[in-house]
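Beneath this line is the structure, given in structure tokens, with notes to follow.
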């Protein structure tokens, strides 16, 4: 019974649910503002993502006649729910070390592609040719960035397993790093960290890897036909995903804590998420243009995958 | 996927800004065939021109298009001057060149910037617009307007430069050189811009000749074709400049030609300021316009602009017809878009610098 209550709390309030939503939207606001300032624009207010959600939720939803209506409505809900569950598994070091029975990296590996799958469902359900192209691009992109992610997670698991075996529980991974130092400062883990940094813009769908949405080419692709609350649902999904991916990065590579109790560590966690986003999302999307699908695929096979394998090899060698 | 499917590009497309409709048959992500439709914003301007007298038509032709809004009245006035054998005073000719080149710089910068926006490189796009803004400020200071600068009139120019404005013009151009140089360097060296634009939208020189293309599109394929050089008008015969040519025949080459032309334009304006004699700016009084017909050509930022005019001795033209560069250039898209990727369609279309408001007037 108590277990149920605590799971509900983690799902709906902290670290998933309310906390993750607020943090995700805030991070998105900062992302937009900083990107604008880097381009010497004024940029929207930091709270703009919140205003967007409020506005969209009050609007009418228009569903195209030719769309598969059930699937069209289901896709954003599916993506949102998947991310809600994923956000619950993210440990906040020093505040909450992850659900010990649930916080498994393999589970996250299955939950993380859900937004991409939701996009594919949305794209094919909307019956727009742009949605169809977006769907096929999303599929290609997913295959490209999932490989480095898998290898990175494997490397971390082997490293955290110590001298023998492997450790797939995120809580244990964090605990191991608290004892033996963060992986981010470990030389043999450095290639894996860089591979993870490359994975982030791909999974977040930002320039240079925003192929499925690519506004000037595909007019937002799968999102083209969406409006109103359903679009807001997609926005919330991507805000949650931002927190999940950044939280995963913090847990995998920089779970260090600072003295000063839960409140200080919560601020520390938010700060780390922000810095990670700054490096891997904001600056990357400001400094680059969009790649083509074939170029993206080649990039992911060439660099992040190789880097991740190098880390895996080093970890196995010095075990 | 074995069979093709059709995607609509336009008539309202985020990357195209203007109402142009392409029906593109794609197989996977590769373009198989393309059908172009125009005529979404026909304004009947050739008919409107017949209802207006010669002076009102200067205003009308200026509003055909915003980006080459100086070339339309200029060419219109040249056609009329050919009919009436009006000699434009030398100072007026230099002033016409200055207005023309300022508009060209702004137009080229705009096109290259939009090309970067299409490949998702918004930072460099903002940078391009910021550089272009210098020219907008300049236009507003000298002519009092940001787009329609109304610099031409029948028989000469409508504005004059005093010492203060000349100094301001020189200073602005001097300040413009460094940012444009930086921008060109960034465009030419950024690996990602190169990856997206090199060998995209290939237009072989033979195809450029076969389709009769002009302007930076043809020059990007190495075709030496510039009206300013071939049949100089205004003061171009007294000025030194190079025709910038590209060899890549691709999107990148066309953009680099445009960036190169900006430097030529800056040099042209500076030469004008150095050589410009004192004197009248406009032929005054104007002779009566006799019956007759004439053709005038000029080099608009997008290519060759031709005006045909027939008069009947009254104050109203009997026929006014213009052929705009985009009309010939977009046929070249059939060659460029053949077997292109869907991701490159908007980029290639942008590389011909399409101006639909000229074409559908």
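Cβ from N, Cα, C; glycine included.
TrEMBL: automatically predicted annotations, no manual curation.
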Next item on the list: Pick the one from B:283, B:355 that TrEMBL also lists for the Ni(2+) site with B:65, B:68.
Entry: B:355
Notebook entry, point to check: Per-residue pLDDT averaged over the domain 'NADH-quinone oxidoreductase subunit D' (B:288-361) comes to what?
Noted result: 86
Next item on the list: Sorry to bug you, but what's the C-alpha spacing from residue B:358 (Fe cation binding site) to residue B:65 (Ni(2+) binding site), rounded to the closest Å?
Entry: 5
Notebook entry, point to check: What same-chain residues, at least 6 away in sequence, bring their CB to under 8 Å of the CB of residue B:355 (Ni(2+) binding site)?
Noted result: B:18, B:65, B:67, B:68, B:302, B:324, B:325, B:326
Next item on the list: For the recorded Ni(2+) site, whose residues are B:65, B:68, B:355, find every other residue on that chain with a C-beta no more than 8 angstroms from the centre of their C-beta atoms, and list them by sequence position.
Entry: B:64, B:66, B:67, B:69, B:71, B:72, B:107, B:300, B:301, B:302, B:324, B:326, B:357, B:358
Next item on the list: Determine, from DSSP, whether residue B:46 (Mg(2+) binding site) sits in helix, strand or coil.
Entry: helix
Item checked: C-alpha spacing of residue B:358 (Fe cation binding site) relative to residue B:46 (Mg(2+) binding site), in angstrom -> 11
Notebook entry, point to check: Where DSSP helix means H, G or I and strand means E or B, what are the helix, strand and coil counts for the domain 'NADH-quinone oxidoreductase subunit D' (B:288-361)?
Noted result: 26 helix, 28 strand, 20 coil
